[in-house]
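Engineer: First, the structure itself, so that you have it in front of you.
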Amino acid sequence: MTTDLAARAPAPTEHGELLRWVAEVVALTRPDDVVWCDGSRAEWDRLTTQLVDAGTFVRLDEKAKPSSFWCVSDPADVARVEDRTFICSELELDAGPTNHWMHPAEMTAVLDDLYRGAMVGRTLYVVPFCMGPLGAADPKLGVQITDSAYVAVSMQVMTRMGARVLKALGSDAPFVKALHSVGAPLAPGQADVAWPCNETKFICHFPETREIRSYGSGYGGNALLGKKCFSLRIASVMGRDEGWLAEHMLILKLTSPAGAVHFVAAAFPSACGKTNLAMLSPTIPGWTVQTLGDDIAWMRPGADGRLYAVNPELGFFGVAPGTGPHTNPHAMTTLERGHTIFTNVALTDGGDVWWEGATDVPPAHLTDWHGQSWTPETGTPAAHPNSRYCTPMAQCPILAPEWDDPAGVPISAIFFGGRRRSTVPLVLESRSWAHGTFLGATLSSETTAAATGAVGVVRRDPMAMLPFLGYHVGDYLQHWLDVGARAGSAAPKIFYVNWFRRGPEGQFLWPGFGENSRVLKWAVERIEGTASGVQTPLGVVPTPGSLDLDGLDVDPADLAAALAVDREQWRDELPLLEEWFATIGDRLPGALRDELTDLRVRLG
Ligand SMILES: Nc1nc2c(ncn2[C@@H]2O[C@H](COP(=O)(O)OP(=O)(O)OP(=O)(O)O)[C@@H](O)[C@H]2O)c(=O)[nH]1
Ligand SMILES: O=C([O-])CC(=O)C(=O)O
């Protein structure tokens, strides 16, 4: 009976390939029902109400957070699963040394076995979506099939989706096939759980056929397939083939008191400060920051040689803990405007949400992310460290007017940054595009709760893309060099930053957050040729007077320590860089090997 379902459900499209694929997935997964998502407000209301009735969502107080919902996941499904993430290229060599690999045919067989009957008792949602503005010359279209209503409503926040995308697909436009199942079929009469998922998880990418297949998880980056899976892993391959860059970067607009505008893109690993920098409230008078994106940038060369950035997403899927009125007031305002899904934060007795850092003083009583009663004496965090909000970008009070422009914005500066307790100074300017690519290629950062596994372990994370590369890291670095060479003098200037350096007592040496505007200012003044800097073996750092410190209460010794380039520490770092380059193997571009040799010489 279920094999006829695709034919019985009124399909609002004449796209032959899409209809064929939906019928094939229906036959394999055997859902009870098929729903084509239209992206309407009525659909949001219907699906969120359904999720409330199912016990997955709790509706928040309408005055505090209109049309918003709280939910908690299975405690074993709280983050991206990098060890279960695969790049299934035809050749293992093309996935490179940083990715898990399985041959596409072998992986398809494994997954087909798992998908067989996986949607029994559930509804299959067809979610047509577009990454980036629909009005783009070459809109990047996708269709996600999912058996999770949570995913369907989250995709409505995070992507341009629904009827208008189906229309853009017409009868034959190409699209990325993104199949997702939580892997939890329901036997007749079996009661559902609030967060269905499976212990077995697979997040698989087929770069040659531009397909994604995800199984077993309902969590963000594993399940909202337009995000990391499409916009980074698959799009990095599209970018390689088409001559552009798909990057794990925020995009911001910086305006000086004189009205000079610079667009800045910045790549930091997961949970290392992208959202906060994108929504920064400058502490220096007259400067403003506006937001265009907090996680992903697609940068294409324009006719003038500059790189133009577009944010493919429509929402923010942000880390909740640490977000508060002092650190990120604009994120707080975005959330207050509602239409937000909160996952794994705590619930207040008044029907609002809370997490560590939301207020200075915690409420006297909460329901924590395990659904348990919590008081400040409980002694465990009320919110999971990787708890998230999923909220529409359009609600951000400092959204830049250019945010939806299909042409994108010209990037003046690229920042690379990680979370390092030592060694890496507050800011460095690279000597050239190739040197900047070297700094990005050797970026290191301590792991965070955004992925399962140990937290706080230093690892190399090239351009903050380690978990998101759709192909060989060596080829990717060569692509960076090629894009820069084509841009020539129009290429953005590359900077390297570290907000997380610590002193001997473990204190942050730099206050961060809004104060990072001082670093942004120095960077654009370097580009304009008005700020001075001093050469170090690593690159140029600010001279004592060139970083604007007006009104900043910071211990001069801490500041000096934050800016210091310690030759000893860097000499100790050299073998680690060698080791990393050896991992990349013979596809490492020679120009980057030369940069390492030059660094060794400069360090003496
Ligand atoms: N000390 C310090 N902490 C920061 C700074 N900026 C951000 N953080 C903290 O870092 C954590 C992650 O920040 P986010 O801005 O959400 O990171 P993200 O890179 O957008 O994270 P993803 O959504 O995983 O990509 C939060 O707990 C922040 O409070 C900073 O300048 N200094
Ligand atoms: O992808 C996710 O689940 C969340 C995210 O932004 C990240 O981990 O960088």
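Glycine too: its Cβ is placed from the backbone N, Cα and C atoms.
Annotations per TrEMBL:
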type     : residues                                                                                       : note
DOMAIN   : 20-240                                                                                         : domain 'Phosphoenolpyruvate carboxykinase GTP-utilising N-terminal'
BINDING  : ARG80, TYR219, GLY220, GLY221, SER270, ASN386, SER387, ARG388                                  : substrate binding site
BINDING  : LYS228, HIS248, ASP295                                                                         : Mn(2+) binding site
DOMAIN   : 244-600                                                                                        : domain 'Phosphoenolpyruvate carboxykinase C-terminal P-loop'
BINDING  : ALA271, CYS272, GLY273, LYS274, THR275, ASN276, ARG388, ARG419, PHE513, GLY514, GLU515, ASN516 : GTP binding site
ACT_SITE : CYS272                                                                                         : active site
Engineer: Any same-chain residues 6+ apart from GLY220 (substrate binding site) with CB under 8 Å of its CB? Would you list them in sequence order, or say none?
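Structural biologist: When sequence neighbours closer than 6 are ignored, GLY220 (substrate binding site) has ARG80, SER154, LYS227, PHE317, THR343, ARG388, CYS390 within Cβ distance under 8 Å.
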Engineer: Give me the Cα-Cα distance between GLY221 (substrate binding site) and LYS228 (Mn(2+) binding site), rounded to a whole Å.
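Structural biologist: GLY221 (substrate binding site) and LYS228 (Mn(2+) binding site) have their Cα atoms 6 Å apart.
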Engineer: Quick test of your reading of the structure: among the binding-site residues GLY220, LYS228, SER387, ARG388, GLU515, whose CB sits under 6 A from ligand 1?
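Structural biologist: Near the molecule: none at all.
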Engineer: In whole Å, how far does the CA atom of SER270 (substrate binding site) lie from that of ASP295 (Mn(2+) binding site)?
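Structural biologist: Between the Cα atoms of SER270 (substrate binding site) and ASP295 (Mn(2+) binding site), the distance comes to 9 Å.
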Engineer: Around ligand 2, within a Cβ distance of under 6 Å, which of the binding-site residues GLY221, SER270, ASN386 show up?
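Structural biologist: From GLY221, SER270, ASN386, counting a Cβ under 6 Å from ligand 2 as near, the near ones are GLY221, SER270.
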Engineer: Once near-sequence residues are set aside, which residues in the chain of PHE513 (GTP binding site), 6 or more away, have Cβ atoms under 8 Å from its Cβ?
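Structural biologist: When sequence neighbours closer than 6 are ignored, PHE513 (GTP binding site) has ASN276, LEU280, HIS326, THR327, ASN328 within Cβ distance under 8 Å.
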Engineer: About how far apart, in whole Å, are the alpha carbons (Cα) of ASP295 (Mn(2+) binding site) and ASN386 (substrate binding site)?
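Structural biologist: So the alpha carbons of ASP295 (Mn(2+) binding site) and ASN386 (substrate binding site) sit roughly 15 Å from each other.
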Engineer: Could you list the residues of the same chain, at least six apart in sequence, whose Cβ is under 8 A from the Cβ of LYS228 (Mn(2+) binding site)?
Structural biologist: ARG80, GLY221, PRO467, PHE468
Engineer: When a 10 Å sphere is centred on the Cβ of GLY273 (GTP binding site), how many other Cβ atoms does it contain?
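Structural biologist: Its Cβ has 23 other Cβ atoms within 10 Å.
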